[in-house]
Amino acid sequence: MSIKKDYDVIVVGAGSMGMAAGYYLSKQGVKTLLVDSFHPPHTNGSHHGDTRIIRHAYGEGREYVPFALRAQELWYELEKETHHKIFTKTGVLVFGPKGEAPFVAETMEAAKEHSLDVDLLEGSEINKRWPGVTVPENYNAIFEKNSGVLFSENCIRAYRELAEANGAKVLTYTPVEDFEIAEDFVKIQTAYGSFTASKLIVSMGAWNSKLLSKLNIEIPLQPYRQVVGFFECDEKKYSNTHGYPAFMVEVPTGIYYGFPSFGGCGLKIGYHTYGQKIDPDTINREFGIYPEDEGNIRKFLETYMPGATGELKSGDVCMYTKTPDEHFVIDLHPQFSNVAIAAGFSGHGFKFSSVVGETLSQLAVTGKTEHDISIFSINRPALKQKETI
């Protein structure tokens, strides 16, 4: 194959974060090469399954709110630039038992601190407003009106098309075999030969856990197998067209998340947990191989959304890549300021991929970013742990 060998920036891993970075680099006229082991968007990483929730009031920590709001701005901008559908404002409903749901409580505090437009609801109000939901009286909720659903594969598809239109090159089905780094020079080795640049962005998803060591970086990253299911439901209660929102629910058995039915696809639901530890190269991608793949989420639906317990229409398997504290890693390499790292998004990263891409592009071009990414430092104490939970 014939492809130029020297670039300003090479992006290794052209999934959620990397493809966004490639777009923002190419938009500035930066000569960019994106290299991926597959053909993004694809079904081998953490971005497939059609949809992802974007929340602004953030139960994982109110420090994320400005990052989430900037991500939303960028998603709106992307939608203006492409013919692909990027975002639908469904609203996001977060609920759980009052006084026993710290995720819900932090979501409410984040909304209050940042003056977000939300409704606070009691159990009976939840049941009345959304007849598809059945919750006890002692539950409360926060409904965030301006949040909603991102169409994840479309997001990556749009970023790729726009980046390529700007002159970026995307090299697919090309695993990176090795890296060579100096202060103002990087080289990657692939089956198609070597490629060089002055800057490098590494965003390899679950494969960060295996390959960052080649860059002399040791971060405790653990990939996990994650599943979602699509269930037949009462479309008049659970469809987007009838006003059903995306949701996050914290109950005694854990945290669940889901989406309204779009175009009859069924209600989509997942159990936000860290299940089987896996190797991304050998993960079993067959939904239903474990009884709990369907069992856990069906049991939740039977209790809280009984009109969505029809036949399983389909199921998907993807991956979470967890850090010990479940916060991201977005930073420069400790020894080489010409290398930026994005890793460990711990099952809640996709919504931020627009702003992460912007941040990575800024780090690559100027060595700094306008965004506060101190919580994502590669040098934070939590990353000194040898084992993940």
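Our numbering is plain: 1 for the first residue shown, then up by one each step along the chain.
Backbone N, Cα and C define each Cβ position, glycine as well.
Here Swiss-Prot flags 8-38 as FAD binding site. Non-local contacts of Q28 (FAD binding site) by the CB criterion (under 8 A, 6+ apart in sequence, same chain) comprise S361, V365.
Taken from Swiss-Prot, the feature S-8alpha-FAD cysteine applies to C318.
Distances between the Cα of C318 (S-8alpha-FAD cysteine) and those of the binding-site residues D8, V12, Y24, T32 are shortest for V12.
Between the recorded positions V12, A20, C318, A20 has the most other Cβ atoms inside 10 Å of its own Cβ, all protein chains included. Over all protein chains present, the Cβ of S16 (FAD binding site) has 30 other Cβ atoms lying within 10 Å. Summarising the environment of D36 (FAD binding site), the number of other Cβ atoms within 10 Å of its Cβ, over all protein chains shown, is 27.
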